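Worksheet for the structure shown next.
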Amino acid sequence: MRNKRKGVGSRVNEEAIGFIDSGVGGLTVVKEALKQLPNERIIYLGDTARCPYGPRPVEQIIEFTWEMTSFLMKKNIKMLVIACNTATAAALDRIKSSLAIPVVGVILPGVRASLKRTENNRIGVIGTVGTVNSHSYSKGILTKAPKTFVTELACPKFVPIVESSEYNSPLAKMVVAETLKSLKREKIDTLILGCTHYPLLRPLIQNYMGSQVTLVDSGAETVGEVSMLLDYFNIAAQASEKMKEHEFYTTASPKMFDDIALDWLPLKKIAAKKVTL
């Protein structure tokens, strides 16, 4: 990391934290941020028009991630959270080395949390095709704990279900059961939700896998790292009655975005704006 503006004073402290995702999935990270970091202002961009990112070529994912990053950098954000596992796997290193602000991805925090929680050293990972094909989770786990058994499973049907607000439907229950059938035989005791969309399916996933399997929400785990970096770089916001409102942007329907966000976040108003990247 370069200097990343360490100890720069109150003006930067008042700037927002930027969150980017391929759609609404990153809102699961924002939900945790609102809980753990109530003084921080959030600017969120979901590229719903081009979602899902999972099946796309790596270079295209990098290009799209850069476009979202460029949009938020114009908002003078003080930190960037890539709240998307597919984008983290493809673009984190490039973006991190190119920006003068701290950049956080969602994979390593999930890796660390899974190793803390497993008791039988058998860990499962579910994610998009892009995330699973990158093997970012298995590489991270095996680097730290080489004797761990890791099994990865792509779940391409999950993101479309969440993006279409069907995550509480009978269809979602059926798709979760069909998709995770093979994983149930692997005797894992810990399962990483390796896509920030998946926590919206968490009740269905937990019910199907059983109470003996601990679910790790990589996005929620990431907020702990964000908090630590805010303190390290001395850019944490202080409590203020004059804090500006959070901002939400989407590349598709603001109404559909608002409906999901209001259902998921403890906010009374979202008012997402449509943008073109």
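Cβ atoms here come from the backbone N, Cα and C positions, even for glycine.
Some features that TrEMBL has for this protein:
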- Cys84: active site, proton donor/acceptor (ACT_SITE)
- Cys195: active site, proton donor/acceptor (ACT_SITE)
- Asp21, Ser22, Tyr53, Gly54, Asn85, Thr86, Thr196, His197: substrate binding site (BINDING)
>> Around the substrate site formed by Asp21, Ser22, Tyr53, Gly54, Asn85, Thr86, Thr196, His197, list the extra residues of the same chain whose Cβ is within 8 Å of the site's Cβ centroid.
In response: Gly23, Gly25, Gly26, Cys51, Pro52, Cys84, Ala87, Thr128, Gly130, Thr131, Val159, Cys195
> Using a Cβ-Cβ cut-off under 8 angstroms and a sequence gap of six or more, which residues of the chain neighbour Tyr53 (substrate binding site)?
Replying inline: Ser22, Asp47, Ile61, Phe64, Cys84, Thr86, Ala87, Thr128, Gly130
> Taking DSSP three-state, what's Cys84 (active site, proton donor/acceptor) in: helix, strand or coil?
Replying inline: coil
> What's the CA to CA span in angstrom from Gly54 (substrate binding site) over to Cys195 (active site, proton donor/acceptor)?
Replying inline: 10
